[in-house]
Structure formats: structure tokens, C-alpha cells
Amino acid sequence: MTEKISVHRMKSVVTVCCLSFLLGLVALVETDEDYTEDEEMILSLILQDDTQPEAESRPSAQFYRCTKDAWRMPGQYIVVMRKGTHVNQVERTARRLRAKAAKRGYLIEILQTYSGAFHGFLVKMSSDVLHMAVKLPHVEYIEEDSSIFAQSIPWNLQRILQNKHESGKYSPPNDGAKVGVYLLDTSVQVTHREIEDRVMVTDFNSVPEEDGVRVHRQTSQCDSHGTHIAGVVSGRDSGVARGASVNSVRVLNCQGKGTVSGALAGLEYIQSSLMSQPIRPVIVLLPFVGGFSRTLNAACRKMVESGTVLIAAAGNYNDDACLYSPASEPEVITVGAVNFADQPLSTGTTGTNVGRCVDVFAPGDDIISASSDCSTCFTTKSGTSQAAAHVAGIAAVLLNLSPNSSSAELLQQLLHHSVRQVINPESLPLNHRLTTPNMVAALPDSTSTLIGEDLLCRSVWSERSAVKGLATTTARCRHGEEMLSCSSFSQNGARAGERVEERDGQKECVAVNGNGGHGVFAVARCCTGHKAQCQMLESPKRGEDAECPPDYQLTGCSSSSSSGHVSDSDLPLHGSRRACPAKRGEMSYASCCHTSSLECRLIEHNPTGLSEQVEVSCEDSWTLTGCQGLSDGSGVRGAFALGNTCVVHTSGGDKGAAAIATCCRHRPSHQLSDH
């Protein structure tokens, strides 16, 4: 698009450069050398008396420029000749412009001539010469050159869209304009057209000296990582949440290197800024990793407890994310990276970190975004930093819809909208296949009505226990989540069950390794939006049922044995009496919740044939809160929730197993009025 503007003639001054040029031409005249038509024209124009009007008085040609200021290319102009103009007139006009410019001390460069769809030329010159150019004969109009861009959606933005009916257009539910993002990274090139007026550089700067004595601290290198990440979050064309504001906090040097102490100082700076000038909602993006640090994890945890959402990169070391910080902190939303095929990012010897400390995956391979090489340059980068930036953008969109959501509620929403079971488990290390979430982050569908009060649950895995008999391991929910059930899983089936304990006011799912076991996992079912008063009740004594009080709903059952082997429990009771039955010598644990709107029910799947894996899923609008396995002959290796599906693994045998799902929901409002 273009707009018409006026060009005013500016008063010219003969410069020293022009005088030198004139003396040079006079010297040529004195030597009686032949000179070209260009030189004759230049000489005649220089010798021309400026006080005399031009022989021909003509109106000025029109001048146009792009209405998108960020796309303009000042200093480069397309001169379009009138219809019927011959090629030789184009060349003569270009020479005449060069001569007029030279007379006033300006140099111009003809970059291209056109003779197809129109006659004209492309010229590189100062805008001060425009008033002369529009007065040239045969010129119809002049247009300032401007940038053009490919309009296909980059694969990563296409991938996070749920609603794909509008091909070629990126259209998220909103632009995240209500959300502020703090970016702890390198410096950022704020003049880049992608992020101009969207990024504010804070006065914080805590970075170590660069390694080596001959480091070239070019601005483009120092800004490279931060500029690219800021573009992924909120860039005009490459960003996920294009209305979100970004505050740059520099904690990485020109080599992309920082220190734990610098990151701690950066977090403290942000906390202080939020106290003096509160921003809500706010996201802190941590696109870096270091070795495991208790101090850094504790600082992140404290920020989340104060109401801030923290999102971190999982790391690019093809390793367990739990070995790195801040990725290992449970209160931080940790993001792994996938490629175009939705498979874990792997580039040579490096690749995305995986494991139970990863919460979700996002696009992180060949991501197009702003390059710090110039204000209109783009480049591709890969890594979990880029993946974390995608999730920060999606989180901004979600918080724009539901600004009061806590970090725990936001994570549940992210997982609810994610695309499930697209990662090939064979592409994950064997020891992380069960514990790594098979979910790729996506934007909510435009028809989604999900809010922070909906009942949403996720599974949280512990690390594997030691192999000695009765060794334990623990899974915990995040701050703001409620544990609605606890289960366990053992690869060889040797387990002594699980129990729920309370420590420092927080419930813990404790799994017990069985005699001869190879280690056991605890799996906590952690939920938000329950709007209920919940408690975990145990059997009065071994062999007796754990029963919920009247008007309480049973959301899950657990059982444990002190003998080193747990028997399969009986079917939970969900009638007028809601209880978890206990086998002889064993303890049962019932998760009981009370609210007038909550309702729960059991769904059982008992296949007729033998199967090593049995599944049963809750119906739409119902949420899986508990998962158990029952067998009669073949031992159950354990049960766990995978999304909204209860999965039971058996050890084989001559009889099959059943999967038991406890499904709950908030009763629809029209049903509440009937009670």
C-alpha cells in the first residue's frame, strides 16, 4: 500500500566537494579532450546560472511511499516514466538526475532499469535529491522502495494452531496484549522491525566477561539469542502472542553465557520491579539452563508462589532434564523441543532433554524469527529456548483469556489444549519413555470455553526408587494443585503398593518397591478446579475399608502392604457407601472430596481376551481422577493415567486384567437447580 505525500524543494548549497568537481571539469576543458554526453550535461548544468528559470516549467511528479513504516526502505526509489517513454529517454532522465545531484554535491547510483511492465529505473540516493527527481521530464511518479515478505505461515506457527481451516493465515484467539513477559537472556536489538515498540530494555545487566582475550563483541552477536527469542514471543510476523509486551533483563553475555548468581540477581530485580510497579498477569521466560542448583530452583519456586508464571527451557543435552536448573524445579513450566514431524529435537550430538521434569513439548527446530544482523533480517535457530518461547506466547494467549489463573491452573490449561500421543515413544530413551509427557503445546481452539475453574488433572511421576525391598519414592503436586489419587508402577510387577502421606501440609504419593523389584514409580494425580474440600482417609486398621464421609465423593483409591507384595484390591464402592476395599493384612487409602457440584462414577473395561495392556477412558466433559488395575491370575505391574485414559499393565498369566477409571466432573448448572 502507498500514500501520496508532497516533496518540498530544498535550498541547495554548493559544497567543497562540488567546487573540486567543477575545477576538475574546467581542467578537462583546458586540455581540449573530448568528453562524453554525461560530462557535457554535467558541465552545462554546473555552469548554468541558478538565477535563471528553467526553460520548461512543468508540474512535479507524484511521490508515494509504503504505509507500513517498518517496511520502508528510505534512500532507495523507483522512478516510473510516463507511458510512451522510449528507452533512450529513460537513460537520459537517469543521466540528468545524476548531473543535477552532482551539481549540489550528491552522488547517486542507478541500480536497475526497467523496460517490461513499465519504463523506469531504481536509484539509490539521498532523500534530499527527491525534490529534483520529481521535476525531471517524462517522470510520472516516484515510489520509495519497501520490503515484501513470504506469506506462508512458518511451520511452527501452523503447528500450534488448532483451527486450521484458514490456510495461510495465523489467527490465534487473541494477541496476549494484557500480558507482560520478562525475558532473561542476552541483550535485544529493539530497533528490529519485528519487535520495535514491543520490547523495553531494563537497566539490569549482570553478565560475566566473555571467554578468551580476542572476543569480537559485535552488537549483532551480543543481541543474537535475545532478539530471536523476543521475536518468537511477540514478533509482528514471527511471534505467537503479537500483542504481549517484553521486558529484556540481560543475564547472558555475547557468547550466550551467564552465571547462577547473575540469574538470581535478575530474578530479584524482577521481583523488586513487580513490587514497585505491579503487572498482572506476568510471565518470566528463562531460555537457558545450568547444572542443578538448589538456590536457583528455590528462587524460582518462591517467585511462582508469589503469583508469577515461570517458563524454562528443558536444555539441549540429550539428557534427563531433572539434572539441570531451572528446568528441574517442579513449580517451573519446563519445555522440551520437537521438530517438524513432532518428534524430539535431535541435531547431531545434541538434542532436547526429556524425562519427568519436562511438562510439555513445543516446536524448536528451524524456527524463523528476528535476526540481529539488521533491522529487517530474519534467521532460523533451533533449541529448547525457542520451544520455551512458543509456550510463553501460548501462555500469554491463555492468560489474556483468563488473567486470574494461577501457574498451576495455567499448566493444566496448556496440557488440556496440547496435542497428545504424537511423539513416537521409540524416539525417547528407554528409561524415560513412561515418564516423558507425550504432549505438544498448541493454542486453544477458537470455540474453547475452558476457564481456570474447570476440573483438570495431570499425572506427576516420581523418580524410580532403589531396587532394595520396601524402598520408597515420592511424587508431589505443584503449589495450588490437589492430589485426587495415588498409584504406582513397576516394570517387573514387584511392588508393595502405594500410600498417601502428608508432610508440611502437602500430600505425598509414596510408592513402595516389592521384594525382588527393579524399582518402582509413584504416580500422583494432581488436579485444579476441583472447588472442593478434599482429604485422604485410610483404613481404621489393616484389612478394613477406607470409607468417605457422607456427602463426599470418592476420587481415587490406593493400597499398600508391609509384606513386600500388594494384592489387587477389589472394585471401589461408589453407591450410597463410597469406600476403597482392603485385602487382608493391607491398608487402603481413599481420596474423598466434598462439594455440592462434584459428581464421580466408575468406568470399567475388562476385555475377554488376554492383553498385557488394558485401557479405559472417561467420556467427554468427565475428567479422570483415579486409575486402578484388577486382575484374577495375572499380576498387575501397575496403573497410571495417560491424559484422560487409565492404563493398566499386566505381567502375563492365564487370565486377563481390568482397568478401572474414576471419572469426575462438576455437575452442569441445569442439574444443580434440580437438587
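In case you wondered, yes, glycine gets a Cβ from its N, Cα and C as well.
Taken from TrEMBL, the feature signal peptide covers 1-31.
Annotated domain 'Inhibitor I9' per TrEMBL: 76-147, in sequence order.
The annotation domain 'Peptidase S8/S53' is assigned in TrEMBL to 178-419.
Annotated active site, charge relay system per TrEMBL: Asp185 (among others), in sequence order. Take the CB of Asp185 (active site, charge relay system) and look out to 10 A: across all protein chains shown you find 29 other CB atoms.
What TrEMBL records for His225 (among others) is active site, charge relay system. Counting every protein chain shown, 24 other Cβ atoms lie within 10 Å of the Cβ of His225 (active site, charge relay system).
For Ser385 (among others), the entry in TrEMBL reads active site, charge relay system. Within 10 Å of the C-beta atom of Ser385 (active site, charge relay system) sit 29 other C-beta atoms, taking all shown protein chains into account.
When averaged over the domain 'Proprotein convertase subtilisin/kexin type 9 C-terminal' (451-530), pLDDT in the model lands at 92. If you look up TrEMBL, you'll see 451-530 (among others) marked as domain 'Proprotein convertase subtilisin/kexin type 9 C-terminal'.
DSSP states for the domain 'Proprotein convertase subtilisin/kexin type 9 C-terminal' (594-667), grouped as helix (H, G, I), strand (E, B) and coil, give 0 helix, 46 strand, 28 coil. The domain 'Proprotein convertase subtilisin/kexin type 9 C-terminal' annotation in TrEMBL covers 594-667 (among others).
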For the domain 'Peptidase S8/S53' (178-419): best-contacting stretch of 76-147, 451-530, 594-667, by Cβ pairs under 8 Å: 451-530
With DSSP helix as H/G/I and strand as E/B, how many residues of the domain 'Inhibitor I9' (76-147) fall in helix, strand and coil? 24 helix, 27 strand, 21 coil
